[in-house]
Amino acid sequence: MTSNQQRPRTRLSLRSNTTVHYGSLSSEQPDSDASAMQTNSISQKRSYITVAVLCYINLLNYMDRYTIAGVLLSIQNYFGIPDSTSGLLQTVFICSFMLLAPVFGYLGDRYDRKLIMIAGLIVWIVTTLGSSFVKKSHFWVLVLTRALVGTGEASYSTIAPTIIGDLFTGTQRTLMISFFYIFIPVGSGLGYILGATIANATGDWRWALRFSPALGGLGLLLLVFLIPNPPRGASDNKGGATMESTSYIEDIKYLLKNRSFVWSSLGVTAMAFVTGALAFWTPTFLSRAQITQGLRLPCKEEPCNPLDSYIFGAITVVTGIVGVFMGTYISKQLRVRLPNADPLICAVGMLSSSPCFFIAIILAGTSIPATYTFIAIGETLLSLNWAILADILLYVVVPTRRATAEALQIMVCHLLGDAGSPYLIGAISDALLKYNPESSHWDFRRLEYSILLCPFIGVLGGLFFLMTSLYIKEDRKAAELLTSGNNMLL
């Protein structure tokens, strides 16, 4: 008889010529034991601390992302730029974020994830702080630094959710992912509020860009000393087959054949288009609405009236918290009886929020309180989706391809979503300027007509999530079978 050391390895691999390609595993027991030992060495307390640190950094990321929107009127006055150029500030950030996400996804599935996040956070801190020292004659430098900020964020956003996925499983993972993603709306809302508050207090919008990097230094220290680097697939494996990395081409082929991943990514793209455009333009839009109604005078010098940024930011924080926890609770209750509950909840969130945003936009010219009410309802319904979308990706994709999946989804949703939507809205608004260039009333109307595109894109996103619901049960089962080392049914 041969010894265990001489016994050949058993590999369970589905290549790309099969109907569905789900990855590569090795059933070699020593590797499995080593993985289990590494997982067990990370205590539950440290896992919770890890989630808290990742949530803190996620909060800072989104605070910084929407600080620009909170002080946009001041930036427009300072540089003397039109709507389309203003939208470019968000577009270049998202473009760099989008283009580099696949690179960090590839690295995150193969190399030390903690080191990649540390490097990305350093780049983010340096470039964000640097963007606050731009002079009036060098607007292009502000555009460049905002693009580099996206580079730093891309490394973190693609990898952080996969670490949480490797520390927890089942309903506990859903809850932890909910905590992580709740800081998207919370951070976005605080970005408006703190950006406007600091700019108003100092009389200079550039000080608003210096706040997040200061807090980012603390996040860097916490990341270095408190975050572990768990084995990929550790929480899913539980002593079964050990996942092995495959080539990048094989990973992409697998993801493109995963129908739940494809349709949900298209749904996320539509959601990104809507949230990106509304998040960037809503404070400016509501300010112009109040000027049209005679409730305030046009802003001629810094700092501009920050009231709309305060209100919209507060609404975003509250509705984000309520919506994420509502979505998580509803998902937990329905999953047991309805296997495709998650994409159906996302579809309901998109399809029901779109009419709310449509009504809010139409009412802005006559009733600001009614507009805020419908915005709040729409944001709550849209926020049902945040944690659920992340959980869908984690359970329909095998562990060794999750960072690549996160990166590919980020690239697609930003490429076709919020990378272009702020600029597109601004460009449409500028194109309509020629019909009445001297009217403040027309300044409001042309932006109103541009933003009305968003609710229709939201309906399209709801249809994409309905398509996801047709395949999610099958794709989830396939991923679970392969992760456990049982591919007999695939």
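Cβ atoms here come from the backbone N, Cα and C positions, even for glycine.
What TrEMBL records for this protein:
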| type | residues | note |
| --- | --- | --- |
| DOMAIN | 50-473 | domain 'Major facilitator superfamily (MFS) profile' |
| TRANSMEM | 47-68 | transmembrane segment |
| TRANSMEM | 88-108 | transmembrane segment |
| TRANSMEM | 115-133 | transmembrane segment |
| TRANSMEM | 139-163 | transmembrane segment |
| TRANSMEM | 175-195 | transmembrane segment |
| TRANSMEM | 207-228 | transmembrane segment |
| TRANSMEM | 261-281 | transmembrane segment |
| TRANSMEM | 310-331 | transmembrane segment |
| TRANSMEM | 343-368 | transmembrane segment |
| TRANSMEM | 374-398 | transmembrane segment |
| TRANSMEM | 449-472 | transmembrane segment |
*Can you tell me which of 47-68, 139-163, 175-195, 310-331, 374-398 gets the most C-beta pairs within less than 8 Å of the transmembrane segment (261-281)?*
374-398
*Could you pull out which residues elsewhere in the chain have a CB under 8 Å from any CB of the transmembrane segment (88-108), counting only those six or more residues past its ends?*
65, 68-69, 75, 116, 120, 142-144, 146-151, 153-155, 157-159, 162, 248, 276, 280, 403-408, 410-411, 414-415, 418-420, 422-423, 426
*Maximum Cβ pairs under 8 Å to the transmembrane segment (449-472) - stretch from the list 115-133, 139-163, 175-195, 310-331, 343-368*: 343-368
_Surrounding residues of the transmembrane segment (343-368) on its own chain - C-beta under 8 Å, 6+ positions past either end_ = 260, 263-264, 267, 270-271, 274, 278, 285-286, 289-290, 292-293, 295, 323, 327, 330-331, 334, 374-375, 377-379, 381-385, 388-389, 392, 444-445, 448, 451-452, 454-456, 458-459, 461-463, 465-466, 468-469, 472
*Do the transmembrane segment (47-68) and the transmembrane segment (175-195) share at least 3 Cβ pairs under 8 Å, sequence separation 6 or more?*
yes
*Given the transmembrane segment (207-228), which of the listed stretches 115-133, 139-163, 175-195, 310-331 has the most Cβ pairs that are under 8 Å apart from it?*
115-133
*Counting only CB pairs under 8 A, let me know which of 139-163, 175-195, 310-331, 374-398 has the most with the transmembrane segment (115-133).*
139-163
*For the transmembrane segment (175-195), find every same-chain residue at least 6 residues outside the stretch whose CB is under 8 Å from a CB in it, and list them.*
51, 54-55, 58-71, 160-161, 164-165, 167-168, 205, 208, 211, 279, 283, 309-310, 312-321, 323-325, 327-328, 379, 383, 386-387, 389-391, 394
*Long-range neighbours of the transmembrane segment (139-163), counting only residues six or more past its ends (CB under 8 A)*: 50, 54, 57-58, 61, 64-65, 68, 79, 81, 85, 88-90, 92-98, 100-101, 103-105, 108, 113, 116-117, 119-125, 127-128, 130-131, 177, 180, 227, 229-230, 232, 390, 393-394, 399, 402-403, 406-407, 410
